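Visitor: Handing you a structure now.
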Amino acid sequence: MDQNAQKQAAAEAALSFIEPDAIVGVGTGSTANYFIDALATRKHQIRGAVASSEATAERLRSHGIEVFDLNQVDRLPVYVDGADEVNKHREMIKGGGGALTREKIVAAVADQFICIVDESKCVDVLGAFPLPVEVIPMARSLVARKLAGLGGQPRYRDGFVTDNGNLILDVHHIDLGRPLKMETDINQLVGVVTNGLFALRPADVVLVGGRDGVRRY
Ligand SMILES: O=C(CO)[C@H](O)[C@H](O)COP(=O)(O)O
């Protein structure tokens with residue numbers, strides 16, 4: 001199986017977590033897109049979805065799946081999303097697509113976070129992938145200096161604006177040996193909306209598409 005087939009296999013495996021009549025939390029990115037396409041085959045068995053980005057909302061609607069505002073929803077049994085990196089503790093780096101804040105919000109509501117990835121996303125230590133940090137525009141330079149103070153090399157994602165109207169700094173070479181502490185430390189910087197570390201709220205299940213099929217941990 002090539003990488004796309006691995007993503008698709010992991011995405012399709014996530015269907016087994018979807019309860020009848022549920023509202024489903026849906027992530028963002030190419031793996032999440034495979035999940036949306038798979039979910040569309042079950043659209044008459046679910047009530048609808050909550051989207052973690054405008055792009056995801058649009059794709060869901062194009063399949064005829066109703067998209068709910070998160071504030072209308074009191075229970076979200078499952079959130080399904082990809083990741084840029086995931087370790088054996090099911091901690092992740094997310095936000096390669098820039099949707100990290102809404103992803104973190106939807107994940108916080110969900111009872112279960114199902115992470116769907118291809119084999120290339122599985123790492124021993126997080127941090128080879130630059131860590132995305134969503135920043136209020138006027139705080140860009142301030143936050144960049146503070147991130148350098150934490151040992152990282154922030155790079156402005158030029159020309160990219162998040163769905164929330166903010167900017168992204170991609171932080172290279174930052175030590176993520178203690179992901180929980182770094183997630184907390186970065187989130188405490190004034191001007192940061194959130195960062196792409198998911199250690200405070202790791203995935204509950206990781207489905208990995210590999211050459212020999214899908215494994216779960
Ligand atoms: O966090 C994300 C978007 O903000 C994605 O889940 C992450 O970037 C993985 O994307 P893909 O499935 O395309 O590899």
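Just so it is clear, glycine is given a Cβ too, placed from its N, Cα and C backbone atoms.
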Visitor: Looking at TrEMBL, THR28, GLY29, SER30, THR31, ASP81, GLY82, ALA83, ASP84, LYS94, GLY95, GLY96, GLY97 are annotated for substrate. Which of LYS43, LYS121 sits in that same site?
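Guide: Candidate in the recorded substrate site: LYS121.
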Visitor: Could you state the whole-number distance in Å separating the C-alpha atoms of ASP81 (substrate binding site) and GLU103 (active site, proton acceptor)?
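Guide: Answer for this pair: 8 Å between alpha carbons.
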Visitor: Checking the binding-site residues THR28, SER30, ASP81, LYS94, GLY96, LYS121: which ones have Cβ within under 6 Å of ligand 1?
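Guide: Near the molecule: THR28, SER30, ASP81, LYS94, GLY96.
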Visitor: List, in sequence order, those binding-site residues among THR28, SER30, GLY96 whose Cα sits within 10 Å of the Cα of GLU103 (active site, proton acceptor).
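Guide: Near GLU103 (active site, proton acceptor), where near means Cα within 10 Å, the binding-site residues are THR28.
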